[in-house]
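Database features (TrEMBL):
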- A:C537, A:C540, A:C577, A:C580: Zn(2+) 1 binding site (BINDING)
- A:C546, A:C549, A:C564, A:C567: Zn(2+) 2 binding site (BINDING)
- A:304-470: domain 'Helicase ATP-binding' (DOMAIN)
- A:572-726: domain 'Helicase C-terminal' (DOMAIN)
Amino acid sequence: MDIAKVIVDVPAKDTDRTFDYLIPDSMRTWIEPGSRVAVPFGKRTVQGFVTSMQPEAEPSRFKLRPLQELLDLVPPLSPDLVELGEWMSERYACSRILALQAMIPTALKGKAERYISLADRPVADEAPADAGALLEDDGMSDPVERGIVTYIRSKQQVALQALSRQFPQEAAVIKALLRRGVLQESQTIRDKLQKKMLKAVNLAVPVEEAEAALDDFPKKAQRQKEVLAFLLERKEFLPLPLKEVLASLHVSAAAVKALENKGHLRIEDVEVFRDPYRGRYFKPTQPLKLTGEQQYVFERVIRQLETREQGAFLLHGVTGSGKTEIYLQTISHCIEQGRQAIVLVPEISLTPQMVERFKGRFGDQVAVMHSRLSGGERYDEWRKIREGRVKVAIGARSAVFAPFAKLGLIIMDEEHESSYKQEETPKYHARDVAIRRSHQHGAVVILGSATPALESYHAARSQSNDEFAPLLLEMHTRALGNTLPEVRIVDMRDELREGNRSMFSRALHDGIAGRLERGEQTVLLLNRRGYSTFVMCRSCGYVAGCPECDISLTYHQRSNNLRCHYCGYAAPAPEVCPDCGSEHIRYFGTGTQRVEEELAKLFPGIRVIRMDVDTTTEKGSHEKLLTRFREKKADVLLGTQMVAKGLDFPDVTLVGVITADSSLNLPDFRAAEKTFQLLTQVAGRAGRHQLPGEVFIQSYTPDHYSIIHASRHDYASFIRDELNHRRSLHYPPYCRLIMVTFSHEQLPVLVRLAENFKASLEGKARKLGWFGAMDRFTPDVLDILGPVASPVPRIKNRYRFQCMIKWRGQIDAVGLVRNVVDEMADAVQRQHLQISLDVDPQMLM
DNA sequence: AGCACGCCGACT
DNA sequence: GTCGGCGTGCTC
């Protein structure tokens, strides 16, 4: 018999490999790489994925067991996705099963359910004559036992859970019956399918009969009569949701229940239909005429598509240059080729307007994968893709795994967004996965952005032979021909010097006042991310930074000192500014709430919409707030980065950035890049319509290159400066990073083990000739920073330490690190150490 | 991860 | 004496 190699759903170190199973003849034609199966695993039944099959079971050391069940007729994973999973598990140092699970909806994460049924045949040796007799005629001495057996017989088989509910006190009896072989247990995998069920009311008898019953209804049962009449009135809409009936008539469930008991009606479970966009009309759109620049880009991409060979492009186009129209037209072309396309957008940009643009062009050939969909809705959208009923999948990060058979095009919009990196295991980057998939399918990738990530831009420009290097395409002008808005930098040090201690400069204050008078709108951006505080001098703009790592030091209140999160450097918190001696040195980090309060104080009666994590957690609230603002029900929209996204309102003529510095001084080597991207994005959004726009950027460090270049919409200069900076300090793209985080309940043990790790890794790297500082004059280098306390030093009673590994060249750094981690398996097991790896981390705070 | 086996302390 | 704590090892 053939054997199947199966990855089982048991996320542990020593089960992270395939297990062999015999393929029963009944399943032979159905089993493929990617099939989801139920397999016996020790005492239990678990879910697994077939990775490959082998023709004949060579004499094995193991007694192979057969596959128990095939869980889907169409495999949820295609062979290429199985292979992709293998690649992911290596590249991101995660288990195979987690890589595979990241690719499919959680609805398909089945769990074992235990069933109880009567034993197939009496067990001869343990309970000879007795058992047979029991089965024949319930001739049991114990009435409780008889009750249980009778119940199970009536149902054929009962889930253990349901049985325990039915007989809550009799667990011991059930156990005994199992032991005696009267009952037997089996397990199957049950999908975690959240089929949306709803209690609904329906007539249990023909309409005429119900109408007749209505006529001679007992007088005292008026409520029941009302219910019945209500149902008959709406007979063509039956079954009606129970909730609705109760609410419209203000009756209690008792009345309905009574009618059910009398046999007039029935309360049933109906499945609720799940199409998040059902009943919505999307206005069809036609392809727009492309500008010269657009045409050039379009043709270059089409040429690549025509070859049906892999190709990747980095489309760098200024805001408003018309990237989306290029996406739409290349997708059309891809569909005409008989292939399918994936569109990736950052979670936060996946707004109804965004969806509308694609549904407007491609109608119901589009599936949308949105994190706000319920598990069931996601599952249904995903099935449309797998069954080939749609040609385009649009969604956030995980849509990169859309199971298309003939993938021709993957578009990643706003490719610089850090949300493309998953922060949980498997910690993959959708950009890398996209490019890897494109190689498997001979597909084309378009990475689009007005402010490409440094890594992408550098890879494109250096034209390396790296399989991940894209080809650069640029668009410098706006499609509609309007110019980018004027941006003014306001030096907040001057404000302080001249006696203005408020968070609003005089210019911004006057700007807001003017907008209020004219009935125009203002957007205020507070670009604060994370919660760490840094120390800055309000007189001169000095920021305490690490002498070794050139990132801001973080203030720690408990010890009243400043620390570096990369290398562990610590210094006492200064009382006066070390640079200018001013006493106006303090911790920074203003919240949106404080800005809102100050606005109310300065402009009595001002209508402010505040948008931050506090006001947008509720489903759809983000959208609601923006709509309210669009309808001019507020004068000011105030928020964190999220306001920068939906920013396309005709009456917004002023955009103010409260302090550009707050994201600039985060302890993250990407701080300047993130700041530049955010400011550019904000600046590019204002004045898109008739009214001219103004942008004010307030800053205590107005000379910083990221602020100056952003104000001039000058990506090229920013890139030049930032690359120089990264090169001199040995940060990506001039090296790569691996973050290793250790956690343990006891701090001393944790520190010792983290040091052990470092020593071991260093030793191995030395032997290979890799170990050394990054400024060493060799191509292959690996350096280890730390271990130091993590930015969040304790989570759930576990202390956390981390090591950052910097490396470059043609070395298998991930493999080596993994190797060292594997060798610490003993400590992990015995001392409950936890180790987590993040390859190419994005968030370093 | 679970589930069983097995070896030691606190109870009827 | 036994019940049950959780350390250790295994799952095709």
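Even glycines carry a Cβ here, placed using N, Cα and C.
Shown here: features listed in TrEMBL, placed on the structure.
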residue : record                : CB count, 10 Å
A:C537  : Zn(2+) 1 binding site : 24
A:C540  : Zn(2+) 1 binding site : 18
A:C546  : Zn(2+) 2 binding site : 21
A:C549  : Zn(2+) 2 binding site : 20
A:C564  : Zn(2+) 2 binding site : 23
A:C567  : Zn(2+) 2 binding site : 16
A:C577  : Zn(2+) 1 binding site : 21
A:C580  : Zn(2+) 1 binding site : 14
Output field, Zn(2+) 1 shell: CB within 8 Å of site CB centroid, site A:C537, A:C540, A:C577, A:C580 dropped:
A:R538, A:S539, A:G541, A:Y542, A:P578, A:D579, A:G581, A:S582, A:H584, A:I585
So which other residues, same chain and not among A:C546, A:C549, A:C564, A:C567, have a Cβ within 8 Å of the centroid of the Cβ atoms at the Zn(2+) 2 site?
A:P547, A:E548, A:D550, A:I551, A:L553, A:H565, A:Y566, A:G568, A:Y569
Sort the binding-site residues A:C546, A:C549, A:C564, A:C567 by C-alpha distance from A:C580 (Zn(2+) 1 binding site) and give me just the closest.
A:C546
Three-state secondary structure, A:C537 (Zn(2+) 1 binding site) (per DSSP):
strand
Three-class DSSP secondary structure - A:C567 (Zn(2+) 2 binding site):
coil
For the domain 'Helicase ATP-binding' (A:304-470), what's the model's average pLDDT?
93
